Amino acid sequence: MSCGAEPGQGLGMWPQGDSTAPVDVPKVPDSRGDSDGPRRGSLCDRHCAAINNVQGDLGELGCHLHRPLSPTATSTPSCCQQHSEEVCESCVVKTTLTAENAVEANKLSNNYKFGFKKWKSHVTARPWEDRSEIVKELYSDLNVIRGSGGSTLTCGNVLYLLLFGWWLSLLYILVAAVMFLTVLGAPYGRLCWDLAGYFLWPFGKVIQKVEVPKSHQVCEAGVGESSALLGGPTPRRWLPRCRVGTGYWRRAGTVAWLCLGYPPLALAHGLVCVTAWLLIVLIPVAKLSARAASRVLLLPPERALIRRLRMTEVPLEGEVILCCYRAANPYYYKYAVDGINVFAVNLLPLVLVTLVLGYVDSPNHLTGSAVKFTLALLSIMPLSYYIGMAIASISAQSNFAVGAVVNATFGSITELTFYITALIKGSREGNRCYAEVVKSALTGTLVGCVLFVPGLCMVIGGIRHQEQRFNSRSAGVSSALLFLSVGGVFAPTLFSKVYGKLVCGECHNVTQNPLGHYLCHNCHFDLMDNNGTLYYSHVQPLVYTVSILLPAAYLIGLFFTLKTHTHIYDIHVSDCHSECPQMSWLLLSLLWSVPHISALSTVPGHHHSAVVHWSRWRAVVILLLSTLCMSACADLATEHISPILTNSTISQYFIGVTVLAMVPELPEIVNGIQFALQNNLSLSIEIGNSIAVQVCMLQIPILVLFTIFYPTNFTLVFSDLHVYASMFSVVLMNYIFMDGKCDYFQGTVLVMVYFILLAVYFFAPSPSGC
């Protein structure tokens, strides 16, 4: 008896596409709303011990249940009902997730650790039997004959005909004519003629490799020969082609085919393969073309058999090389190559194109700065994915200390690489606009991760789930750190507003009266008055103090959540899903609530050996190469952003807040959406909060530290617009997340507020110095 839980399944969400249904378990009173009351440890410890005993009994049961669940199995909820929620709060603080192996279990637990990158994709190969039928079809070869494939007249098949089928068929006819003219290649000409009809509409047809007997009796038997499998005469077009002449002439025909016929067809199939692969939904066509070029066209013509399948027809003996029913499959967005999503695979060549164009075509003879900037920015997306995958793989295969160091070192490498290269370029050119763009990007990342990322996840997840719940206590820890970090980051700005001297330029007397009103532009607080006494004596020491305190607070947060108060995130990762479905669902219901990593125990049952996609050394090499390519792409982006900043009619604020801030975070946004669809909104929220906290507590202090060793125009004094937008976003986010539950309407509110702030930045005048 096997459980139907998909590995990495979100909390409170039953598996989809599986026949195993959850057992009916009485609901546990929700204690997540009340988390601030006193806790009587001795009483709760006894109740929690009882729940842990239920888990421990799984080993004695041997992960097999032969009787229905009895009411006594759910005694813990009745126990908690006898006491107040605050007394028994710790009785329901543990959640059970399922994992196939220890490496995957470590990755799942890392998702709930503060300061670790949240990663949705698997870092190990999933067992084939745990895959759904939809996913199995994606990875199946096109060599399986189905009993009934249904109608082949589909939109995807028609699209294939319009994009590839007609001209492929025409090309085969032309090649067939050429091979007939050579006389020696006549057998290949007949093969191309048959393939012309096949590739015009290959659906419901099969190409088989048949064995030719040593004797030539098959050729001499003629049409009247009967087939024992088919029970009737075999049509002439189904018979294997007879040999033409002696071996010498046959070899000459093969040479003519390899010189005249095969190259243009292989080139055409390669073009079809690349185009269909890039379109993703047409990957079956890419597989079809690749197999045709590598197998079918290299077969001797007498061994290739092309026939149309019929409903009542018994297949001939022989190896099936090609059998396709559908040209398109919309689920190919889930397709992965060695653990890498197909989108990241398709975008990887873009990185090579960007680097070649950027460094070879420096004078912009082939393309302009706008094209190179766009390519460099798009190249950051796949590199961010590879960096995230490498970090998750290393952390899942290493101990806690190594994982923490890798996440702290490379977790923000994408953003820091771009910011530092932009500041260096601005310092060399003496242009303050780059520093303002970096500040806008920092603010845009903060606002986007606080409003847009959780809001979008709430909307998309709320479409599938009417109401989603999350751990308000763990979210409260991130919110407290976010409040602290925002206050610390903007403390020098508020200090300069209070003690700075307001200086305005371009003032005009509106009333033509010396005592009347003046209209001024480009007003700012001058911190360099009196030879910079205010800045160097007061503001700069405050900036350095804040830059030391914020990373210290980050370390304290790590120690608080991962060492002293681990009960805030309580999650139990088990691999028992393969053998004991009813007990695992019972534990999921009993131990509902907040995530935590207190125990990584394995329950006796069905175990799978971990086959990692990337080993530790391979992940380290990919991480370093991706970081190096990221630095090069960031350098190209900052090199070619100058014409966009100077010639664009859009505010530089808007460019920094949107494009430069959110494009590197697209892989994180995708991860958050996937978690929300699995009803695991806790991780969706933590993704945004973690990025926002890292921006304030790690990235900004690192930039301040960088300016000490390499003087730039970057100062930790932001414009009023940045201050108001960031503080309002943090306050609104904490108000929405106060009750520990949400729906798509609250997510819509967050997204709408984010777009309103974008409109403000769009119509805002450019910052001073740009």
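Here, residue 1 is simply the first one shown, and the rest follow in order.
Placed from the backbone N, Cα and C atoms, the Cβ positions cover glycine too.
TrEMBL lists 1-40 with the feature region 'Disordered'.
Residues or ranges marked as compositional bias 'Basic and acidic residues' in TrEMBL: 27-40.
Residues or ranges marked as domain 'Inner membrane component' in TrEMBL: 155-205.
Annotated transmembrane segment per TrEMBL: 158-181 (among others), in sequence order.
Per TrEMBL, transmembrane segment is recorded for 266-286 (among others).
Taken from TrEMBL, the feature transmembrane segment covers 340-360 (among others).
Positions annotated as transmembrane segment by TrEMBL: 366-388 (among others).
The transmembrane segment annotation in TrEMBL covers 400-421 (among others). Here the transmembrane segment (400-421) has Cβ contacts under 8 Å with residues 110, 115-117, 380, 383-384, 387, 390-391, 394, 438, 441-442, 445, 558, 562, 623, 627, 630-631, 634-635, 637-638, 660, 664, 694-695, 698-699, 702-703, 706 of the same chain, all six or more residues outside its ends.
Taken from TrEMBL, the feature transmembrane segment applies to 441-463 (among others). Within the same chain, residues 415, 418-419, 482, 486, 656-658, 660-662, 665, 668-669, 672-673, 675-677, 679, 681, 684-685, 687-689, 691-692, 695-696, 699-700, 718, 722, 725-726, 729-730, 732-733, 737, 742-751, 753-754, 757 sit at least 6 positions outside the transmembrane segment (441-463) and bring their C-beta atoms closer than 8 Å to a C-beta of that stretch.
Annotation comment: TrEMBL describes 475-495 (among others) as transmembrane segment.
According to TrEMBL, the transmembrane segment annotation covers 542-562 (among others). With a threshold of 8 Å between CB atoms, the same-chain residues lying at least 6 positions outside the transmembrane segment (542-562) that come near it are 113-115, 400, 404, 474, 477, 481, 484-485, 488-489, 491-492, 495, 568-569, 597, 693, 696-698, 700-701, 704-705, 715-716.
Long-range contacts of the transmembrane segment (744-764) within the same chain, counting only residues at least 6 positions beyond its ends with a Cβ under 8 Å from a Cβ of the stretch, are 440, 447-448, 451-452, 454-459, 461-463, 650-651, 653-654, 657-658, 721, 725, 729, 732-733, 736. According to TrEMBL, the feature transmembrane segment maps to 744-764 (among others).
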Tally of residues which DSSP labels helix, strand or coil - the domain 'Inner membrane component' (155-205): 42 helix, 2 strand, 7 coil
In contact by Cβ distance (the transmembrane segment (366-388), the transmembrane segment (340-360); 3 or more pairs under 8 Å): yes
Distant-in-sequence neighbours of the transmembrane segment (158-181), which means Cβ under 8 A and at least six residues beyond its ends: 188-190, 192-193, 195-197, 199-202, 256-257, 260-261, 264-265, 268-269, 272, 275-276, 282, 285, 327-328
